[in-house]
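A short worksheet on the structure shown next.
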Amino acid sequence: MVKVSNLGYPRLGEQREWKQAIEAFWAGNLEQKDLEKQLKQLRINHLKKQKEAGIDLIPVGDFSCYDHVLDLSFQFNIIPKRFDEYERNLDLYFAIARGDKDNVASSMKKWFNTNYHYIVPEWEVETKPHLQNNYLLDLYLEAREVVGDKAKPVITGPITYVSLSSGIVDFEATVQRLLPLYKQVFQDLIDAGATYIQIDEPIFVTDEGELLVDIAKSVYDFFAREVPQAHFIFQTYFESAVCLDKLSKLPVTGFGLDFIHGRAENLAAVKQGLFREKELFAGIVNGRNIWAVNLEETLALLEEIGPFVKRLTLQPSSSLLHVPVTTKYETHLDPVLKNGLSFADEKLKELELLASAFDGNKTKGYHEALSRFSALQAADFRHVALESLAEVKLERSPYKLRQALQAEKLQLPILPTTTIGSFPQSPEIRKKRLAWKRGNLSDSDYKDFIKTEIRRWIAIQEDLDLDVLVHGEFERVDMVEFFGQKLAGFTTTKLGWVQSYGSRAVKPPIIYGDVKHIQPLSLEETVYAQSLTKKPVKGMLTGPITITNWSFERDDISRSDLFNQIALAIKDEIQLLEQSGIAIIQVDEAALREGLPLRQQKQQAYLDDAVAAFKIATSSVKDETQIHTHMCYSKFDEIIDSIRALDADVISIETSRSHGDIIESFETAVYPLGIGLGVYDIHSPRIPTKEEIIVNIQRSLKCLSKEQFWVNPDCGLKTRREAETIAALEVLVSATKEVRQQLDN
């Protein structure tokens, strides 16, 4: 019989119990022993769920207090020297992730092309890896008590781990330093009764992986020789694996391949017979989107694969970390739509149905699921309608002309100061919003409260002497979900939460049908804010690429059509803002880089579509209207031409945790438009010093002119506390004024 495996399960819990426990601990409202007790109960609940769902190989080690890459760094003592004064305990673990009053946090980067963030391992001259504790063994022993021999340890492989690290001088030598530690972890697991061990090596779906195949042979030869009893699974996901003709010869028991995002290439490799002597762990249920699987199409795929492999195991295409837990609470949705959704728990059920069908037993549940899938495909809200783009202006006047008109209109100083958009959402804001959602607060009272917050923060910004203000986004839970609630073709969930970084969870909207602008999105709040001040207030919108990348997108039309549908909707809102006297409009594309395909050969088509959509949204404005955009966590040297092609008057970039890397991009490539490189890290509660911000500004001015440079935090301030936000912005403004004086002299 075919088996079913899982790669990873969401940490958050059905009601975000994980987030609540960790944040209570950070706030000093929960003792460590109580935190550990609550997290253990969550882990056990997740294990039991998967066992009851019929999963034969249940992941262990996917659960974390913050991030699984940080777990590995902590286990192997890859600890930045600046944290030497800490004992090796949970306080240190969280300090690395979040920073403290004296030390900046480690860098945070996107996990491949997802919206999940990992903590970058830092290697220094003083780094001395050793097995500080075998936490994976502890988790495995705990899991065996619950699920027995179904427990399958999961660990990020050494080649991927080092690839994701900073400070690497000699790549292969660094990998070799880790091998004895991995060996000890594996041997301890085998001695404790483990059989299958999943080693995640997603670096081998990237172009970089092609350069690492020889190292992989050396590494996995070592593991096979030193821990011969282990049944290793070489796991990839998010794309087709590279160099499978060589990787398939590695001395491992099985290979995990993604047949959702790399179907054609991976299937071709299978049909070449590369896995006839291997177990294949086939990722055939989408681990990154929330639509029910097409059972018949997937069953046909399995029948294609089956004859070419030694043994077949079914699994999701990736960890289920990237989807919500369960659809059972989404009773408010249209029944046809709800029945067409599949979150983590439903995906496990789909795998069970497919395994049974592949073994020749199409159960009643199989036919019911097939019927629900067919009903969604036939629904009348799913068309492929796209307004004609023939009348849409795609090019603006030359930047120099626009710059002069905008300078005359806005009258800003050199090095203008601003923020990215959002301000802290206090407990009072959350309380009022919840009361409003539950019907305990009238629409008018809620709007009055939001206006009070806008008025208060406009005054705060004026007191700080910021140059360009924002309304603060107090009406928004999330920069994408908010728009999903107001545009046609979107819906939102009650508990469809997904982990983004640390304890931060997002609730992506679902794009289920054609997207259209049917009502103002942020007009009222923005115009009200502008009425309170003579300084310019930015209109704050989210761009079409970010809305798509941070939503669960429909899978029945092309991405370019979806980009363009959303772009036309955003264009309508921009025109409303401009007509209402808003002179600066920011269209955030925080996730543009995130959506970049992992293979270079596929990237330009995506970037071309992204640039076209941004221009559809923004190019119809007057020359004197200043268009801003914002981007997060990006390797900009790779996409600098496309960023330039967006033709935004000003771009702000989240850079503070990797300021030097970003600066290098602009030292080697001329960027002629306005730009703000984030001068301090908003993801840490630490208040930056004036000297730090001055250094960041001065370094930026070595490759950017004072006429084009803006000073801003590196991201929105929604997750920070009010006091630390004001304190940090005071430092930012003071530092900027000092640099202005230096430039005047």
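Cβ coordinates come from backbone N, Cα and C, glycine included.
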Residue among D588, D608, D609 sharing the L-methionine site, where Swiss-Prot lists I420, G421, S422, E473 as binders: D588
Of the candidates W550, W710, the one that Swiss-Prot places in the 5-methyltetrahydropteroyltri-L-glutamate site of R16, E17, W18, K19, K110, E594: W550
According to Swiss-Prot, which candidate in E654, E692, E730, E738 joins H630, C632, C715 at the Zn(2+) site: E654
Alpha-carbon distance [C632 (Zn(2+) binding site); K110 (5-methyltetrahydropteroyltri-L-glutamate binding site)] in Å: 9
H683 (active site, proton donor) - helix vs strand vs coil (DSSP): coil
Rounded inter-Cα distance in Å - S422 (L-methionine binding site), C715 (Zn(2+) binding site): 9
Which of E17, E473, D588, E594, E654, the listed binding-site residues, has fewest other Cβ atoms within 10 Å: E17
Residue among recorded positions H630, E654, H683 with Cα closest to the Cα of K19 (5-methyltetrahydropteroyltri-L-glutamate binding site): H683
Integer Cα-Cα distance in angstrom, C715 (Zn(2+) binding site) to D588 (L-methionine binding site): 11
Lowest local Cβ density among K19, H683, which the record lists as recorded positions, within 10 Å: K19
